[in-house]
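Visitor: Marked as active site by Swiss-Prot: LYS280, ARG354. Per Swiss-Prot, Mn(2+) 2 binding site is recorded for LYS268, ASP273, ASP291, GLU352, and the stated evidence type is sequence analysis. Taken from Swiss-Prot, the feature Mn(2+) 1 binding site covers ASP273, ASP350, GLU352, and the record attributes it to sequence analysis.
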Amino acid sequence: MDFSIKPLDAKSTIASIKTGCIAVAVFEDKKLSAAAQALDQKGGISAALKSGDISGKAGSTLLLRGVSGVAAERVLLVGLGKEDPVSEKDFSSAVQAVARAFTSLGATEAVIALPLDAVAARDAAWSIRCTILNTRDASYRFDSLKSKKEPAPAGVKKIVFAVSAASTAIAKDAIAQAVAQANGIDLTKDLGNLPANVCTPTYLANTAKKMAKEFKLQVEVLDRKQLQALKMGSFLSVTNGSVEPPKFIVLKHMGGKAKDAPVVLVGKGITFDSGGISLKPGAAMDEMKYDMGGAASVLGTMRAIAELKLKLNVIVVIPTCENMPSGSATKPGDIVTSMSGQTIEVLNTDAEGRLVLCDALTYVERFKPAAVIDVATLTGACITALGHHNSGLFTRSDDAHDALANELLAAGKASGDTAWRMPIEDSYQEQLKSNFADMANIGGPAGGAVTAACFLERYTKKYTWAHLDIAGTAWKSGAAKGSTGRPVPLLTSFLIQRAQTAR
């Protein structure tokens, strides 16, 4: 999919654009947008609206052919709901409808002339990014492992945004950001959708190496012997049951000043989670290939910011392995020593994500980070608490952590990839007490998402930290089964804003 802009001025008008299709907006009160009015020279569009052929409700569409006085072959009327102001939800519904309509058109090029600056509290750049991300999402396919691939859908391959001449620079920047973000989302989806016999820890490491070569990043992959030398006993305890060798990936984009402290993203990379000796139920266990969603999302985020050449220092760290049962697997009741020196009683081997993350969170101290954000499909309890709409955001409660939380929440809202802040309090730490070690790896059934975050918090005392639990948002089940690409939009928006602030 190719995206570009068409600046409009006195000489180049909406009606004079020669293209396969032009999309314009109508509203619920049977009112035409400015672009629709410009195309309604002979009254055909207003007649369709008055006759009730299109309601104007957000997401409604009507395709017209051969509109008199219009150079475009087709005009796609798109409902935007209430006019003043247009809500984010209604605009998103409208562009999703446009994306669906474009996939079935007989045209290869189309122009979008929606009122990009009409969304409440949002600018044209936001509307362009929203449109591109929805269009790319609608066109995403994962069929690389099918012997007989479905033919690629016909339809629009090039989308042009009609913008005012004054908005040209802003529109170009918005397109570049959205395309890079969409490329990162697609990578995250592809990695998540691959089966665990393909997307192994070694595969993730090779993906990082390829990305480093393509975008001139720095990469290091540590193996088992190196992890043993670092005394990562907690991480390694999870790897004991699998024949797949563990990997510890460090990928660096040093786009900022040499003296600037980096933002570190830590992604949980369990490429298949059987639960280990604490074996999961068989139903839907295939979906545990998605337990590397954190790793996939931080790789996708790194791809996006590398493509943008973001002027910010960002380091991605991924501890990756399988969690499998075998004669050599870690057993419930085993006690392991983490890289930090703290000991952990493993009461449940299916609470393994925190065991790999805690050593990674200790490792990243060496970078003296400006902030650390770990991303993990960590707990089913987070799904119980928040469903599949919001990721769970956990931080400590002080000025620095409140500021980081607010940045992430704002990035989530701006990108449509929302999170909800959850508590971390000392009272929950009591649930992690062990009679035999410094802590247990589970805290009982109550508040499971919170106690998991509290466990991680014990390893983050030397820097500002946030934890994103994406167990409910990283993938979908059922007929629409597949990786969502979240939270790449949130993370890239956060990092772009950080880079702009650092200028």
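Each residue, glycine too, has its Cβ placed from N, Cα and C.
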Visitor: Taking DSSP three-state, what's ASP350 (Mn(2+) 1 binding site) in: helix, strand or coil?
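Guide: Assignment for ASP350 (Mn(2+) 1 binding site) reads coil.
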Visitor: Could you check the binding-site residues ASP273, ASP350 and say which one's CB has the fewest neighbouring CB atoms inside 10 Å?
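Guide: ASP350, out of the binding-site residues ASP273, ASP350, has the fewest neighbouring Cβ atoms within 10 Å.
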Visitor: Which recorded positions from the set LYS268, ASP273, ASP350, ARG354 come within 10 angstroms of LYS280 (active site), judged by C-alpha positions?
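Guide: Passing the 10 Å Cα cut: ASP273, ASP350.
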Visitor: Pick the one among the recorded positions LYS268, LYS280, ARG354 whose Cβ has the fewest other Cβ atoms within 10 Å in this structure.
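Guide: LYS280, out of the recorded positions LYS268, LYS280, ARG354, has the fewest neighbouring Cβ atoms within 10 Å.
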Visitor: C-alpha of ASP350 (Mn(2+) 1 binding site) to C-alpha of ASP273 (Mn(2+) 2 binding site): distance in Å?
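Guide: Given the Cα positions, ASP350 (Mn(2+) 1 binding site) is 8 Å from ASP273 (Mn(2+) 2 binding site).
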Visitor: Provide, as an integer number of angstrom, the distance between the C-alpha atoms of LYS268 (Mn(2+) 2 binding site) and ARG354 (active site).
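Guide: With distance taken Cα to Cα, ARG354 (active site) is 9 Å from LYS268 (Mn(2+) 2 binding site).
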Visitor: Can you tell me how many other Cβ atoms are located within 10 Å of the Cβ belonging to GLU352 (Mn(2+) 2 binding site)?
Guide: 29
Visitor: When you average the Cβ positions of ASP273, ASP350, GLU352 for the Mn(2+) 1 site, which other residues in that chain have a Cβ within 8 Å of that mean position?
Guide: VAL238, ILE270, SER274, GLY275, GLY276, SER278, LYS280, MET288, ASP291, ASN323, THR349, ALA351, GLY353
Visitor: Rounded to the nearest angstrom, how far is the Cα of ARG354 (active site) from the Cα of ASP273 (Mn(2+) 2 binding site)?
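Guide: Pair distance, Cα basis, whole Å: 13 Å.
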Visitor: State the three-class DSSP label for ASP273 (Mn(2+) 2 binding site), counting H, G and I as helix, E and B as strand, and everything else as coil.
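Guide: Its secondary structure by DSSP: strand.
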Visitor: Cβ within 8 angstroms of the Cβ centroid of LYS268, ASP273, ASP291, GLU352: which residues besides those meet this for the Mn(2+) 2 site?
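Guide: The surrounding set, listed in chain order, is VAL238, GLY269, ILE270, MET288, MET292, ASN323, GLY353, VAL356, ALA376, THR377.
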Visitor: Sort LYS268 (Mn(2+) 2 binding site) into helix, strand or coil using the DSSP assignment.
Guide: coil
Visitor: If I take the alpha carbons of ARG354 (active site) and ASP291 (Mn(2+) 2 binding site), what is the distance between them in whole Å?
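Guide: Approximately 12 Å lies between the Cα of ARG354 (active site) and that of ASP291 (Mn(2+) 2 binding site).
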